[in-house]
């Protein structure tokens, strides 16, 4: 297949595929490591054969039903998991709002700026496993998953040590970037309390991607759901009965994240993952540089997305009446985050489907999975937005006591509803990029669309033209819309047959495959 043909195939078109003779097929299967045991594992997440070309409405509807069921088996538990884990911080923020407006602003700034900065790096670096584990699992190289997991633990734990310095010096950092003295001081104290959380991230994110790549999502959902219930109870206890204030909120939030980590590790170590986990190995320290490169590319891609909306809250701190602006916008970002968890759940599902199918050399199934995911995500986003508009006068009461903040939130609700629809589709497109291994390319797209276009446009509307919070938000959402258009164009023009053939090369380059398997069918 020609190298210059990456973006020439119609999106759902038929392609001629060469038939391999039986001897070549056998050699290929041996090379890929797909024996009877491995192939049974592959079939759990990928289709037995690639779907036939879509040639009409009837074919589309039939395959849509089939793929929808496969996606929802993954997306349903993934959505529940992401919403439960996101709600840990959201519950903390809700209780902070009942302390004072300053406490809400401080916790919001810590969550959005300090923790948000670290969260983006750690989750992004952990997302390298979505590509490697997903494609390796699809190709039948199940035994490598545990090695990849341990490499990611090593890299992220070292990263957490460096990032903890940001937590320690959060107060002067926030003051330097222009936050008020009161917000900076309180957010700085809360940041120091939250240092244990970043080390939980270092273990949790790779572990979650390891389980996710094998479609073991139900156990993640169960753990997260139970922890959320416990977290909500103890947060209420330390705030409403013990009156421990911000230290109590930090104690409960840190503990909740570590309970999730320990529970997932117990599940893995209890021999529930078969060949995927065979114990600790020194091989985890081999080929770290190749793994670091993919981890950094993944981090760059995701951080540029997460920091983008983190910057929105930061810019609001420069407006007049900063405490009210930050508090109101943080409530909207909180709700947007909840809604985004649905999209991130679909992101996780489509990333698993795309990476597994590319690893199994099923390009048509991989790209059709994307089509289904985009349709479902758009419909869900519109449903959530409609409900939010209907209850726009009621829901602010749940977050804050200050009536001035509530009124600003009500004014921002139409913008929030529109943003939910856009942001429900964008993570799905990013999920395809992760599943296919395009992290580095998408990072450049994000820089151009978000930071060279969206941020300047938002600042122009918000400060120069004096539209305030609404103007900043409109400008930045426009950047997200442009990025989604670019990703859609890339996906539609991609040669998916070549992506499938490149999956094995990515596994070798980024994951480290034994040298004796370096050549395919000499």
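Positions of Cβ are set from backbone N, Cα and C atoms, glycine also.
Swiss-Prot has this to say about the protein:
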type	residues	note
TRANSMEM	89-109	transmembrane segment
TRANSMEM	113-133	transmembrane segment
TRANSMEM	154-174	transmembrane segment
TRANSMEM	183-203	transmembrane segment
TRANSMEM	217-237	transmembrane segment
TRANSMEM	249-269	transmembrane segment
TRANSMEM	299-319	transmembrane segment
TRANSMEM	324-344	transmembrane segment
TRANSMEM	371-391	transmembrane segment
TRANSMEM	415-435	transmembrane segment
TRANSMEM	441-461	transmembrane segment
TRANSMEM	471-491	transmembrane segment
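The list of residues near the transmembrane segment (299-319) in space but at least 6 beyond its ends in sequence, with Cβ under 8 angstroms from a Cβ of it, reads 108-109, 112-113, 116-117, 119-121, 123-125, 127, 177-180, 183, 325-326, 329-330, 333, 336, 426, 430, 433-434, 439-440, 442-443, 446-447, 450-451, 454-455, 458-459, 462-463, 468-469, 472-473, 476, 479-480. Among residues of the same chain six or more beyond the transmembrane segment (371-391), those with a C-beta under 8 A of the stretch's C-beta atoms are 11-12, 64, 67-68, 71, 75, 335, 339, 342-343, 346, 349-350, 353, 413-414, 416-418, 420-425, 427-429, 431. Tertiary neighbourhood of the transmembrane segment (324-344): same-chain residues 78-79, 82-83, 86-87, 90, 93, 97, 101, 104-105, 108-109, 111-112, 183, 309, 312-313, 316-317, 377, 380-381, 384, 388, 395-396, 399-400, 402, 404-405, 408-409, 412-413, 415-416, 419-420, 423-428, 468-469, 473, selected by CB-CB distance under 8 Å and a gap of 6+ residues from either end.
By the Cβ criterion (under 8 Å, sequence separation of 6 or more), the transmembrane segment (217-237) is not in contact with the transmembrane segment (441-461), since fewer than 3 such pairs are found.
Within the chain carrying the transmembrane segment (113-133), a Cβ under 8 angstroms from the stretch's Cβ atoms is held by residues 89, 145, 148-149, 152, 155-156, 159-160, 163, 166-167, 170, 173-174, 187, 191, 194, 197-198, 201-202, 205-206, 208-210, 212-214, 291, 294-303, 305-307, 310, 313-314, 348, 351-352, 355, 434-437, 439, 506-507, 510-511, all 6 or more beyond its ends. Non-local neighbours of the transmembrane segment (441-461) in the same chain are 297, 300-301, 304-305, 308, 311-312, 315, 430, 433, 467, 471-480, 482-483, 486-487, 490; each lies 6+ residues outside the stretch with a CB under 8 Å from one of its CB atoms.
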